[in-house]
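Chemist: Structure provided below as structure tokens; questions to follow.
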Amino acid sequence: MAYQSEYALENEMMNQLEQLGYERVTIRDNKQLLDNFRTILNERHADKLEGNPLTDKEFQRLLTMIDGKSIFESARILRDKLPLRRDDESEVYLSFLDTKSWCKNKFQVTNQVSVEDTYKARYDVTILINGLPLVQVELKRRGIDINEAFNQVKRYRKQNYTGLFRYIQMFIISNGVETRYFSNNDSELLKSHMFYWSDKQNNRINTLQSFAESFMRPCQLAKMISRYMIINETDRILMAMRPYQVYAVEALIQQATETGNNGYVWHTTGSGKTLTSFKASQILSQQDDIKKVIFLVDRKDLDSQTEEEFNKFAKGAVDKTFNTSQLVRQLNDKSLPLIVTTIQKMAKAIQGNAHLLEQYKTNKVVFIIDECHRSQFGDMHRLVKQHFKNAQYFGFTGTPRFPENSSQDGRTTADIFGRCLHTYLIRDAIHDGNVLGFSVDYINTFKNKALKAEDNSMVEAIDTEEVWLADKRVELVTRHIINNHDKYTRNRQYSSIFTVQSIHALIKYYETFKRLNKKLEQPLTIAGIFTFKPNEDDRDGEVPYHSREKLEIMISDYNKKFETNFSTDTTNEYFNHISKNVKKGVKDSKIDILIVVNMFLTGFDSKVLNTLYVDKNLMYHDLIQAYSRTNRVEKESKPFGKIVNYRDLKKETDDALRVFSQTNDTDTILMRSYEEYKKEFMDAYRELKMIVPTPHMVDDIQDEEELKRFVEAYRLLAKIILRLKAFDEFEFTIDEIGMDEQENEDYKSKYLAVYDQVKRATAEKNKVSILNDIDFEIEMMRNDTINVNYIMNILRQIDLEDKAEQRRNQEQIRRILDHADDPTLRLKRDLIREFIDNVVPSLNKDDDIDQEYVNFESIKKEAEFKGFAGERSIDEQALKTISNDYQYSGVVNPHHLKKMIGDLPLKEKRKARKAIESFVAETTEKYGV
């Protein structure tokens, strides 16, 4: 294909949208946008307005009601009816989007709308529905990284999207050959929320032309916004559903409304089944002929989790049942179309209250069953089915049962539910970036071949548990974990789970960790959890303790660490606290390794969990479920889920991946070999050297295009290094990869310097640079051990009596500061340099370095505020008040800001506002740690 400019791509899209049924209109500025909105509003409400279009005052009143709202509030207004008082005191209800009859909305498209707020901006393609800009399309020419379009959207949203542009629901970005969509939000836009569109078979629809044909047809787009965008009430965000979620819901709705048959949805673990099942439940509960939608879960811990998730998507949508009598009441309450309960409670309700549920012998009911492969489902399903004669059953699972991994009674998922309505496999999810792939290691803990409990070649009399839990082996495994944990978890940036074969094994490992932990400079935070049996078998006297006693000790250790007060009488609360702890991964206050037998291996999602240690036998669905705890997408510093097996589960892993990805090619799911990544590194390193042969030559680059080439080349190199570090054989030496760590740190310093320069220029100047929208992927560069706390620890160790040693300490700190990659540390770099150069030499052994540094920072902060206030002729105390508010709220108080700036010309006012906001944000970060 010949070279195609961005302008040509935009024009081609405008022509295509016109052919699809959009009215092409010319709107160049905000006034024309408002005029067009007003005209359409009057046309759509002609009957309600009784031939009297909105007057200027009435329209202004309306704008006052709908303008200046958050994106979240604007999304709610869009889907609601708004009462407007007319000049004659009558009231009329206005609507902005027909969410049921999608094709009855008015569809328009325009391009090159110009706005000027703090910065000038011109938007590529704007789709208007009923006059409101609901979809914004940003384009880049072919060959440009699509992430640049994403970063441009982020910049525009921060600087320019005001007024009616607050009603944008969705962004579409494309470079012609790659296209993504994502929802608008008040919070930070995340790359992980950019989605591909696909067909029903999960084949990507990438080109802009085919994307527009499939996704942007007027009725389809209105349907997507109306039905398949979710207003998350808890987090106050907008969520766009992914294509496979949409297709699954459509297939399930069709099966439920057009047939009497059952079905199941196979969507891989971590792909968002809860949202899919909620949307299906919600739509079905609105059907007149369906009397009740009952969402069944199998376990108590998942019950509360599902309820919490459902209520996020529609506040108050779920009435959780606490006991069977309440469940019976809710089943008979016609005002409750949707109920979430457990299958155990449902079975009990039928057994004890069948006469109260007579109506459901004939009424149409839909059951939606989460994780429908659960072992208890089979028997209880038969009982429920006997009572609900006119019911349909729809299952959701990430790991269905097939003949090779059928349930205990020999049945498969298809035997219970019938046809599979939609599939989205683990290979699809990894390909789309919705979950991560796996890096799997197999550590042989025996000198000879690895032992397997089911190995028929072993003499039957051998006590395999005795072999697996031999003191020497347990210590070997524990030491391997301790020695490698920081590498696997990026210096404890992430947490891990260690799954073992039995409660006895768990106790033994916990005690070994506890003993070895005492010798570590930085001890690991270890926790253990299991369910004890009140009347426990003592295994013929082999184990001289009751497991409850050991759990009590683990809980006591946990209480000391986290200042809690749990016991074996409050194990549910202990479980919930651990769950929140592992999910949040709060820095310096989190669990590093959670030891379990089976708990937390299914139905538990944590983005900050990246490593699973395995010392037990796993197969098929159990293996995939366990591995999948590690593969939730977080940020660039988490490129895969790390699995460390202390048993030879290679065959089991390959078999499970073959079954659940429906392919023999597992390369798309598992990381490639070390040699492949090493070759990739060599190629990237050569490319970097061709652009800038040495790190210091980056300083000589004048041309922005050349600087951009350097950024892109080093960014690729850094990504490969991140993957290489996951391999035990990796050594950061010239002999191994042709580059040593020092050279990498030097290149990284230059890379971060370019990032800081671009960030500063963006904040201070109304200037557009080609580097503004480059994705620097800063999170990938961070080494969390080298931060402000790390430097402060070195400062505390400075020998104030031995001047020669003091100079060595100072030089060490300077070297570290030169290569700082922690954002806050880079902000403090000059402060710390000045402190060690000017203050430290004057201190003696009686001085408190911590206090001296606090005093030094306080003086510098005071001077910085005084200087900024004097330079801009603003009140210093008012500036400090704004800064203090920002420190606690994260928001610059607009009322205080307006008062402080005073009466300035509009352009000057914007400049002053921007400068103050930047100053407050930077000084808060600089002096806030």
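Just so you know, glycine gets a Cβ as well, placed from its N, Cα and C.
Grabbed the feature section from Swiss-Prot, which reads as follows:
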DOMAIN    254-418  domain 'Helicase ATP-binding'
BINDING   T268, T269, G270, S271, G272, K273, T274  ATP binding site
Chemist: Which of the three DSSP states, helix, strand or coil, fits T274 (ATP binding site)?
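Modeler: It is helical.
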Chemist: So around the ATP site, T268, T269, G270, S271, G272, K273, T274 aside, which residues have their CB within 8 A of the centroid of those CB atoms?
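Modeler: The surrounding set, listed in chain order, is H267, T276, G398, A429, V435.
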Chemist: Restricting to the chain of S271 (ATP binding site) and a gap of 6 or more, list residues whose Cβ falls under 8 Å of its Cβ, or answer none.
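Modeler: Within the chain, S271 (ATP binding site) has Cβ neighbours under 8 Å at R242, Y244, G398, Y424, A429, N434, V435.
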Chemist: Enumerate same-chain residues with a sequence separation of six or more from G272 (ATP binding site) and a Cβ-Cβ distance below 8 A; give 'none' if the list is empty.
Modeler: R242, Q245, N434
